[in-house]
Amino acid sequence: MAAEACLKPWQDGTKPARWPTKPGPYKIAISNSYIGNTWRTEMVQVAKSYVSRPEVAKDVASLRVASAGNDVAAQIAQLNEMTLAGVDAIILNAASPTGLNSAINQAAAAGILVVSFDNVVTTPKAIKLNQDQYQMGKAWAQFVLDQTGGKGSVLMVRGVAGTFVDQERTRAAMELFKPYPDLKLTEVYGEWDDGTGQKVTANALAAGGKFDAVWSQGGTTGVCRAIQQAGQKIPPTAGEAENGFRKLAYELKFPMLSIGQSPTLSALSIMAAVNILKGEPTPSEISIPLPVVTNETLEPGKNFFPDLPDSLFTAINIGACGLEFDVNEVLAQKV
Amino acid sequence: MNATLQGRRSSPALLIAEHSVLVAYILLLLLVGVAIALNPAFGSLGNLKAQLLIASFVGIIAIGQTFVILTGHIDLSVPWNLTFSAILAATCYANGYGIPAAFGLGIGFGALVGAFNAVGVAIFRVHSLVWTLATNALLQGLALLYINGQPPRSTIPPFWRDMVTGDVGGLPMAALLWLVLAVLTIVVLKRTSFGRKVYATGTNETAAFLSGIDTRLVYLTVFIISGASSAVAGLLLTGYASQTYLGMGNDYLLVPIAAVIIGGTSVLGGTGGYVGSIAGTLMVVVLQAVLSTAQIGQAGKNIIFGGIILLLVLLYGRAARVND
């Protein structure tokens, strides 16, 4: 498998993971926090679909999934329970970047490998796997600059205030926008949610706005719908990988750039865990290539799905990782 | 009126108590005035209509909350009741049910959840704060089970989408529906014996029961109204967003409750009414709209939003005490 192109070191000088090797097959557990949105359910489904593949199944004896909600205490209890159950690896989407550290350290001391992804944790005892949020924010911002030539008004739909992801994506965009005083930026918080994104965009438009470009971290379908409902043409839009957004861009042909946080991060974390347990060289902090889609590469049935719901997250295939999923097979998995 | 109150007539708190609804509308006008002063485009017809549309979602949920809060209870099951009812209706429509059947099932489900809440409150005597919170968690699990982890495969009737986002006689359709339901609510609360029973139950449940009011029936009815109004709001939201999705109800728990309270209804039950809730709804929505586009950073927005809600509640909380 193309592990070198896929499980890349986070930066120059990232140390390789050091972990005692073990003979397989391995017992793996996913400790998830919140489960009440589509991204999280897909993340679980991709993991299940991945381990059902014959070439993966021979290394994975069992996969169990538990969701604790956005409750640090409940997730600590869950991690302790998994530690006592004696699994070989825990794949972790954390409710808090720091709150679980002691439970993770205990798991590591008991010989359990912890791979944290998406909402990663700070303890060095855990392997970290994520997409580079800074690069994502930067790519969206570069698209906005290319489309506007550095002047005009830009709607920036941010995520959830106070989160690391929102800060990194926004920091990258602001650094890029800084040399362009003719860019008029309007910031709203869409909380990565279509309904909220639609509402705040409607507010921004109604208060006299007309935008030359949109930089949206999420809820992009709602953002586009609000612009449509205001009777305006959708301007060039850089956004997440929501199916609805890509459907609209394909149909209406407005310039777009779509990069998504991939639900496949769960499967890649399992891949990394198995590699490390087998003793294959793997970085301790892993950067997953960004799945980028533009107007030119937009293709129905491949990177968006006209017959599937708007709220689907399309970015399940990471080309650089040689992982292709059939979306219907993924969605058929139980959560 | 007794002599003590006569003697304190000039106190501003008492004035507020006597005219709490009037005060709510004056504050609303002030708020809109400030919004327009900050950004003249806020007063444009297009914007006022957009705000009215968003307010109708909150306002319709606030109908249910007003009934429930008047009896001294609260309904915390709104977010996932709204989400589940909307997903149910849209999935039924996608599976070939007609609009009346699909929407009827959605609203019926919402009402059923309300009845379930009433069973806990009226029969098992569990406080609604706990029971409805549990219902909400239960519904989240059921929703996941129902869609089996897939994003809800719902279809929104195009006619419904156009209707919710479109105008009827110059007003957004959702706002018209809200207006009709609002008038109905006000009439029921102020002019029917059921309305008087709601106030009596909220003022003193034991006294109401002893005077021959079937308080269980009152609870059953108010929670059913709340469940059904959550479902109606859910259906409107599916038209607005052209989709259903997990978490679509997340914004609709505390905002309608805040609208009811700053509209002058006592959180302890027994006093207040929907005329105030309308003002409360519009205030909260205008405040959110102004803050969402104000370029002051999220921390500032939260502090201002929370601060203003606190100020309003303090104003009424104090007034209510004087009124007693």
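Cβ coordinates are placed from backbone N, Cα and C, and glycine is handled just like the others.
Quick look at what TrEMBL annotates:
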TRANSMEM  B:20-38  transmembrane segment
TRANSMEM  B:50-70  transmembrane segment
TRANSMEM  B:101-123  transmembrane segment
TRANSMEM  B:129-147  transmembrane segment
TRANSMEM  B:168-189  transmembrane segment
TRANSMEM  B:217-240  transmembrane segment
TRANSMEM  B:252-268  transmembrane segment
TRANSMEM  B:303-320  transmembrane segment
Intrachain neighbours beyond the transmembrane segment (B:50-70), with Cβ under 8 angstroms and 6 or more residues off its ends: 78, 82, 114, 128, 164-165, 171-172, 174-175, 177-178, 181-182, 185, 189, 198-199, 202, 221-223, 225-230, 232-233, 236-237, 240, 252, 255-257, 259-261, 263, 265-267, 269-270, 272-274, 277-278, 280-282, 284-286, 289
For the transmembrane segment (B:168-189), distant same-chain residues with Cβ under 8 A (at least six beyond the ends): 49, 52-53, 55-57, 59-60, 63, 66-67, 70, 195, 198-199, 229, 232, 236, 239-240, 273-275, 278
Tertiary contacts of the transmembrane segment (B:217-240) (same chain, 6+ residues out, Cβ under 8 Å): 53, 56-58, 60-61, 63-65, 67-68, 70-71, 73, 75, 77-78, 81-83, 85-86, 89-90, 103, 106-107, 109-115, 117-118, 121-122, 154, 156, 160-161, 163-165, 174, 177, 181, 194, 197-198, 201, 208, 248-249, 252
Tertiary contacts of the transmembrane segment (B:101-123), as residues 6+ beyond its ends and Cβ separation under 8 Å: 64, 73, 75, 77, 81-82, 84-86, 88-90, 92-93, 131-132, 135, 139, 215-216, 219-220, 222-232, 234-235
